[in-house]
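In what follows, a structure is listed as structure tokens, so that the remarks can point back to it.
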Amino acid sequence: MDAPVLYAELHLANTQGLRCTSPPSPRQDACWGSGWHRVALKLGCVGLILLLMGLSVLVGFLVQKPPIEKCSVAVQENKTEPTVRSTILECPRDWHLHWNKCLFISQTSRPWAEGLADCSLRGATLLLIGDGKELKLLQDFSKGKGQQFFIGLKYVQEDKVWKWMNGSILNTNLLRITGKNEENSCALISHTEVFSDSCSSDNHWICQKTLKRV
């Protein structure tokens, strides 16, 4: 009877030893894992908030950018507007635009010297003809008016040549003067020709000046 009792006690002791060396409770691991989960969740929320704040700032910047660009365009337009306006050319009142010239047609008839003086008072000179096309247009104009006009061309007896008021000598390939080449001869333009007449005779005249910049 003694042997079985000893066996039972030893078995119990071994069983208790096994219980003492059992692994940690699964509940403790779960608590540990849930703690890290909460920390990660908080960090994720903070990161999401920062991301949303960054996006809001970016959207605000993009929304504000177009007005700035519009303002800059408006400023550039304002800067260029004076430049555009400064290139606009026009003739004074009672003057007529003719290519790149402004022409004034006298309403009275006077000698050539008085016509020259009148043009000078207007800041102009008697008409100078530059080429054949301009000559043709002026002859057509003279025909429409039914008049003849003094121009800025006079015979210089000392040099035996016709000279324009700017000092240049007449190019006979451009136009030919009909009539006498003598002292006190001035040129007139009609609808058919350019001819000489006495500078003392009374005729209408044409003044010219460059276009005015406004």
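For all residues, glycine too, the Cβ spot is worked out from N, Cα and C.
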CYS199 - recorded disulfide partner, Swiss-Prot, among CYS186, CYS207: CYS186
Residue among CYS102, CYS119 that, according to Swiss-Prot, closes a disulfide with CYS207: CYS119
Euclidean distance between Cα atoms of CYS199 (disulfide bond) and CYS119 (disulfide bond), Å: 16
Between CYS199 (disulfide bond) and CYS207 (disulfide bond), the C-alpha gap once rounded to whole angstrom: 16
Cα-to-Cα gap, CYS186 (disulfide bond) vs CYS207 (disulfide bond), nearest whole Å: 15
Local confidence of the prediction over the domain 'C-type lectin' (98-208), expressed as mean pLDDT: 93
